[in-house]
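One structure, as structure tokens, below. Some questions next.
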Amino acid sequence: MSVKEKIPAFNTQEDLESYISLNAYTKVYGDFKMDLHAVEAYIQEHVKPKTKVFHSTKERLDFLVKNDYYDENIINMYSFEQFEEITRKAYAYRFRYANFMGAFKFYNAYALKTFDGKWYLENYEDRVVMNVLFLANGNYNKALKLLKQIITNRFQPATPTFLNAGRKKRGEFVSCYLLRIEDNMESIGRAITTTLQLSKRDGGVALLLTNIRESGAPIKKIENQSSGIIPIMKLLEDSFSYANQLGQRQGAGAVYLHAHHPDVMQFLDTKRENADEKIRIKSLSLGLVIPDITFTLAKNNEEMALFSPYDVYEEYGKPLSDISVTEMYYELLANQRIKKTFINARKFFQTVAELHFESGYPYILFDDTVNRRNAHPNRIVMSNLCSEIVQPSTPSEFHHDLAFKKVGNDISCNLGSLNIAKAMESGPEFSELVKLAIESLDLVSRVSNLETAPSIQKGNSENHALGLGAMNLHGFLATNQIYYNSPEAIDFTNIFFYTVAYHAFKASSELALEKGKFKNFENTKFADGSYFDKYIKVEPDFWTPKTERVKALFQKYQVEIPTRENWKELALNIQKNGLANSHLLAIAPTGSISYLSSCTPSLQPVVSPVEVRKEGRLGRIYVPAYQLNKDSYPFYKDGAYELGPEPIINIAAAAQQHVDQAISLTLFMTDKATTRDLNKAYIYAFKKGCSSIYYVRVRQEVLEDSEDHTIQMQQCEACVI
């Protein structure tokens with residue numbers, strides 16, 4: 001019987017492509033191998049008929065350069081013979097999509113097309129070639145090494161890089177931006193202008209509202225004049241809607257507010273389902289910055305004071321964001337010159353939980369947790385759209401015409417991810433893999449043009465901050481027959497990221513010999529060595545596998561675990577030579593690139609062994625988990641909702657010990673969960689040392705024949721790499 005003869009009878013539409021029907025077998029009949037037939041049918045029926053044919057590599061390259069598809073500056077770094085050889089080697093790897101979703105995602109979102117959208121101009125191998133040419137920056141031998149890492153799915157650049165590398169008409173290579181807004185009209189106006197510029201260049205932008213004076217605060221000493229933060233949120237939401245990135249999608253933005261800002265309850269109310277249209281915020285993401293003191297007050301069932309940012313600045317000469325509310329809480333409380341209002345701390349957390357059930361927002365950044373880990377002198381005051389970027393920033397000052405009086409430091413980050421399963425399979429090449437990944441992200445930071453946002457350009461040029469992450473943890477665990485909620489899973493996560501951290505710091509230290517140190521290195525905990533005490537001032541066996549299973553896995557894959565002596569030597573080298581990058585690791589959600597790589601997202605468990613996605617006109621697409629078969633199925637059977645928040649938090653906490661930034665941590669709750677259950681999850685994540693909480697996803701009760709169980713939320717495609 002042929003593949004097409006196996007199409008199930010329930011697909012009766014005459015124009016329905018066979019690959020849709022074949023993919024449906026994955027869910028309807030549990031025949032996971034049929035998804036590979038769907039890939040084959042998709043390539044034959046859809047891709048090949050729409051792919052422009054060239055008779056030689058030279059003809060193709062000449063066409064793409066002449067017609068402004070490829071950037072000749074990238075092409076000209078190499079001889080034609082080198083380009084031809086890299087292309088030949090790329091195709092020699094005989095890359096195959098592991099599932100239908102991976103093929104669909106590539107051709108729908110990444111492949112270069114003619115300007116009229118009618119013809120494909122690239123296969124996966126061609127896109128990888130353009131990435132390695134760009135990331136190797138003219139170094140032919142390095143391009144060949146990178147080719148191996150990317151085309152075997154060991155390392156995956158973030159969407160903005162993978163999509164835009166080598167293109168003549170492109171967006172930026174940078175995934176996300178973070179901007180401070182200070183308490184004056186010039187800063188507000190400049191932030192909106194910068195937001196428009198960054199959003200149209202495909203970036204997701206997060207902005208800080210903590211320092212804006214509250215509603216009713218004085219203006220020019222006249223009381224009850226300020227409108228507070230809500231009108232600014234409305235302006236920002238309209239700006240993101242207008243800058244719709246060449247019509248492809250609406251711009252993505254988030255705003256962060258400190259929990260002790262007087263407008264915090266109105267801030268949360270903007271996401272209420274029944275909010276008045278005058279204040280309702282539909283597409284802007286919300287984030288809360290919550291310090292330790294808030295949890296203490298809630299534990300003691302006390303009132304929490306909300307402090308006027310206007311008065312704090314007048315009294316201390318510092319914005320509210322730049323002080324530790326936990327350390328200064330009782331001083332601020334006693335200061336009669338600081339206006340304050342009060343709400344019940346437990347009521348505050350109950351409201352946060354209610355909003356999570358209604359909308360999935362707000363994100364949560366644990367203020368004191370991230371600042372205790374901060375190796376740098378200035379405070380971390382916010383995060384990004386996916387809550388994995390945590391870096392210090394400093395304010396800018398402006399003239400009345402919005403020109404800069406003083407350029408502060410704002411934040412960008414260059415992202416990419418290791419595929420944990422493939423990285424482990426790299427064995428003795430593990431260190432080279434991490435080194436090449438760090439060098440690739442560093443290159444992106446050095447070639448990105450961020451002149452439209454001078455404060456971000458300054459932050460990037462001084463810090464070259466990176467965010468190397470990881471994905472496919474559940475995939476690796478399941479294929480090695482380890483349950484996600486087992487001690488072995490936590491043990492593996494701990495040792496894996498311990499090993500990645502060592503090689504990442506080593507790579508950046510070696511880069512510093514070539515590129516120089518990041519600007520303020522001498523004032524950091526890296527320079528005095530104290531950051532590395534956790535690896536050095538411990539017993540020799542402290543950072544070693546605690547289970548025989550994990551010890552055996554590292555031996556099986558021949559991945560060497562760094563020793564305490566390795567760290568001692570590295571710490572001394574870093575003190576001597578410095579680091580090229582202020583930040584190295586951050587674990588993003590990896591939505592798109594996980595589908596592209598046919599692997600499980602980030603460190604999260606799968607929602608189910610076969611995920612159901614809704615993709616435009618195609619309708620439902622069924623996505624089997626990484627290497628799903630009868631052997632791995634039991635280890636995928638309990639998905640994120642069945643597992644609940646505790647195992648996910650345990651995994652994130654294990655990794656967070658070694659990640660110098662944060663981890664996009666999504667909590668999954670069933671429809672039976674209560675606000676009390678959510679509050680327990682916040683407290684557990686807080687106590688375990690997690691840096692942040694991303695979305696809260698709630699599986700709702702739905703009609704029996706519906707498969708859309710989860711609250712759908714707008715996500716930043718630039719950030720959910």
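For all residues, glycine too, the Cβ spot is worked out from N, Cα and C.
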Which candidate from Thr159, Thr193, Thr194, Thr369 does Swiss-Prot annotate alongside Ser175, Cys176, Gly204, Asn384, Leu385, Cys386, Ser387, Glu388, Pro589, Thr590, Gly591, Ser592, Ile593 at the substrate binding site?
Thr159
Spatially, and counting Cα to Cα, which of the binding-site residues is closest to Tyr694 (site 'Important for electron transfer')? Options: Cys176, Cys386, Ser592.
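Of the binding-site residues Cys176, Cys386, Ser592, Cys386 has its Cα closest to that of Tyr694 (site 'Important for electron transfer').
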Looking only at DSSP and grouping its letters into three states, which state does Cys176 (substrate binding site) belong to?
strand
Please name the residue among the recorded sites Tyr694, Tyr695 whose C-beta has the most neighbouring C-beta atoms within 10 angstroms.
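Answer by Cβ density within 10 Å: Tyr694.
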Neighbour count first, Cβ atoms within 10 Å, every protein chain included; then name which of Thr159, Asn384, Thr590, Ser592 tops the list of binding-site residues.
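When each Cβ's neighbours within 10 Å are tallied, Asn384 tops the list.
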In three-state terms from DSSP, label Tyr694 (site 'Important for electron transfer') for me.
coil
On a count of neighbouring CB atoms within 10 A, which of the recorded positions Asp183, Glu388 is highest?
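Neighbour-count leader: Glu388.
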Hey, what's the widest CA-to-CA gap across Thr159, Ser175, Cys176, Gly204, Asn384, Leu385, Cys386, Ser387, Glu388, Pro589, Thr590, Gly591, Ser592, Ile593, the substrate contacts in the record, in Å?
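Taking every pair among Thr159, Ser175, Cys176, Gly204, Asn384, Leu385, Cys386, Ser387, Glu388, Pro589, Thr590, Gly591, Ser592, Ile593, the longest Cα gap is 19 Å.
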Three states by DSSP: which one describes Cys413 (disulfide bond)?
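Once the DSSP labels are grouped into three classes, Cys413 (disulfide bond) ends up as strand.
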